[in-house]
Amino acid sequence: MKVLVINCGSSSLKYQLIDMTTEDALAEGLVERIGINGSILTQKVKGREKYIVEQPLKDHQDAIELVLKSLIDGNHGVIKSMDEISAVGHRVVHGGEKYSKSVLVNDEVMKNIEECIKLAPLHNPPNIIGIKACEELMPNTPMVCVFDTAFHQTMSEKAYMYPLPYEYYTEDHIRKYGFHGTSHKYVANKVAELMKKDASELKTVTCHLGNGVSITAVDGGKSIDTTMGFTPLAGTIMGSRCGDIDPAIVTYLIKEKGYSADEVNDILNKKSGILGVSGVGTDFRDIRSAIGENNKRAILATDIFGYQIKKQIGAYAVAMGGLDTIVFTAGIGEHAPEVRIRALTGLEFIGIELDEEKNNSHDIGEGLLISKESSKVKVYVIPTNEELMIAKETLALV
């Protein structure tokens, strides 16, 4: 059985075709600049040169049509016909409170996703467009929605409620939702597999450290708390997002600096975080180079990052009443040993002993244990695979 995984952005589309018998990606690709000049598809197949197509694509339907043509192309494709695609799994950023698991697409589901647009105005609209385009082109193929927010729907009220007037929750649905759920679920299950245990036996802190950052307490295989909140702006410092700050700073910037609400939103989302503190950028390779040149602001940004992760690990160990394992994943989590060492140094008292040589290893494979054998709490680096998780969730429903 082959599952096509689709992740639609506002002007881009990522895809993978996964053979579920082996769980291998037969092809993966990216379509960029949809609806604007210079539209381009880049497809990768193991053992072959990249397949690149440049042609005008007026919308996501054009893009998906090109994806399907590329997958069945006689010279560059990996399947003979679209009939080989058993189902399509769609990443949907926000499912609100209605969805605690993945669902088959129907009219009611589409209506509910549309109602969540106000909660994810940048992400849900292109997700919806992608689903509709696939339905148009593949009317007899089952479609499944896999929600970023679903994994966190197991949080209790005390974890997800904000201490605001209660009607803001009942009328406006303002609460903590959490994001990166598919990634957190994947690595929480993967670490259990690597430890030869069931996820239900473990208390795990999963650290998804990319340009966006979220940390989750996974107790018995279920999310009980997470750092991102009503939006992906909350939590620890991120690439260009501030994370948690005193909310009064917002009103201060509006009143004292004369910024509009939109300008402040732009500052907090695009000009803050590691970029804002370091003045260097969001790419950790650039931060690493700046640290090598003794750039004090780059060092400070990395210190803040490590400190905030450490605080969160400690807080979640307390919330769960114990800790068995920590997982680092995503771009920075997988490739920045200097962040991991900052996050873990000082946590020896809760049973963490880091193996420095393993921490500096680049050979991660499907998952690398970077704590010492004697470490009570096991620490792993595990490459995330959201596409495979989406495909598994899709397969379970069709």
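Don't overthink the numbers, they just go from 1 along the chain as shown.
Backbone N, Cα and C atoms are what each Cβ position is placed from, and that goes for glycine too.
Source: prediction; values computed, not measured.
DSSP assigns D148 (active site, proton donor/acceptor) to coil, not to a helix or a strand. Residues annotated as active site, proton donor/acceptor in Swiss-Prot: D148.
Close to N7 (Mg(2+) binding site) in the fold, though at least 6 residues off in sequence, lie L13, K14, Y15, H90, R91, G130, E387, each with a CB less than 8 Å from its CB. Under the DSSP three-state reduction, N7 (Mg(2+) binding site) is assigned to strand. Per Swiss-Prot, the feature Mg(2+) binding site maps to N7, E386; the stated evidence is sequence analysis.
Positions annotated as ATP binding site by Swiss-Prot, on the basis of sequence analysis: K14, H208, L209, G210, N211, G212, D283, F284, R285, G331, I332, G333, E334, H335. Reduced to three states, the DSSP call for E334 (ATP binding site) is helix.
Residues annotated as substrate binding site in Swiss-Prot, with sequence analysis given as evidence: R91. R91 (substrate binding site) falls within a strand when secondary structure is assigned with DSSP.
Of all Cβ atoms in the shown protein chains, 29 besides its own fall within 10 Å of the Cβ of H180 (site 'Transition state stabilizer'). Feature annotation from Swiss-Prot assigns site 'Transition state stabilizer' to H180 (among others).
The site 'Transition state stabilizer' annotation in Swiss-Prot covers R241 (among others). Under the DSSP three-state reduction, R241 (site 'Transition state stabilizer') is assigned to coil, being neither helix nor strand. A C-beta separation below 8 Å, combined with a sequence spacing of at least six in one chain, links R241 (site 'Transition state stabilizer') to G212, P232, L233, L268, N269, K270, S272, G273.
Following the DSSP three-state reduction, the secondary structure of K14 (ATP binding site) is strand. Under the three-state DSSP scheme, E386 (Mg(2+) binding site) falls in the helix class. When the alpha carbons of R285 (ATP binding site) and H180 (site 'Transition state stabilizer') are compared, the span between them is 23 angstrom. Among K14, H208, L209, G210, N211, G212, D283, F284, R285, G331, I332, G333, E334, H335, the residues given in the record as binding ATP, the maximal Cα to Cα distance rounds to 24 Å. When the recorded positions D148, E334 are compared by the number of other C-beta atoms lying within 10 angstroms of their own C-beta, E334 comes out lowest. Residue density at I332 (ATP binding site): 25 other Cβ atoms are found within 10 A of its Cβ, drawing on all protein chains shown.
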